[in-house]
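Read through the structure below, which is laid out as structure tokens, and then see the notes.
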């Protein structure tokens, strides 16, 4: 890991220079062609792309409910029990996010209000590749269920051995309505446009590789999306009370995701910086995903030594990390200084994987600095708000002159006339 010192601006400039997009014109061009093909040829394009990219010849896209139940019965009962405990925690947290409708009748003859409606159909993308992510199933599906979404469709790319049974078990437990064995940009296109087999959805959520992210960007507007996810990130803030072994383990927990993952320690202590680097190299040797984590920490890992706690928080807020750990003495005292972070972990025993799997808050988080203006996935992301208005003639009469004046100042005479006509004698 590279150590950074110096002025705050110099440190931030180096971090900004590295934080470039993972997409490219070439990838965007390929994705557009894939989307157009799926739009024009539907299921056949999905069969062709699955054979090409996944090496699997499919006879059907939808996974039968009987296969899902067989997979659920096959997994280790202890895994299923852990999944149920995680589900309970996630539901408990997200139930508290539910928004309320309201009715306002403070003025005579005026009724105003807000109604909350769930989206009708949501598509959930679950990655395949080098790791299985049953936790992503729970985190994407359960908030949608709590919001009241009636139809939840999941897609995930197949392998030669089919779909990972742990992913299918998680989908079964979470209450997914339909599962299709298709992934990549072609899977996103199918959800956005619909095919003979796969229904068009209102919103697409879930992480994926750069092709999936680019496809989500392309179809946004036709459907809603959650966010464009970049590589995993973690920033750990530490003082001399922190434990280097804990810091190193938590940095590696993100570095093992992806060679592009960013693992950053910001500390006021040179001693902690040095001990963490030693501990990280020691722990790295025993990781099954050592090659991935090693490349991530060598290419994108940073240890930043600051002169003060205030500088530490300033740099962190500029990074706006996906995951933030505060391993400082009395960490709750610093909560108000955190402006930009996806998910916050306070204290030596609030390790980041606690949020990935079990505590309850969502692990679908803004990355690449977007925590400055985006929030974690939640129940509200699967709902929409509508306002309603009702006026009596008497109530409108009290306000008509002000409305007509505002409309006339904007040069919108038909707006003004729509109010005035209601008070002409024949009406």
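Placed from the backbone N, Cα and C atoms, the Cβ positions cover glycine too.
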Given that Swiss-Prot records 232, 254, 257, 356, 410, 415 as binding substrate, the matching residue among 314, 323 is 323
For residue 323 (substrate binding site), the nonlocal same-chain Cβ neighbours (under 8 Å, six or more residues apart) come out as 232, 233, 234, 235, 254, 341, 342, 343, 345, 352, 355, 365
Longest inter-residue Cα distance for the substrate binders 232, 254, 257, 323, 356, 410, 415, rounded to the nearest angstrom, is 56
Checking the binding-site residues 257, 415 for other Cβ atoms within 10 Å of each Cβ, the smallest tally belongs to 415
Cβ density check for residue 322 (active site, proton acceptor), other Cβ within 10 Å (all protein chains) comes to 29
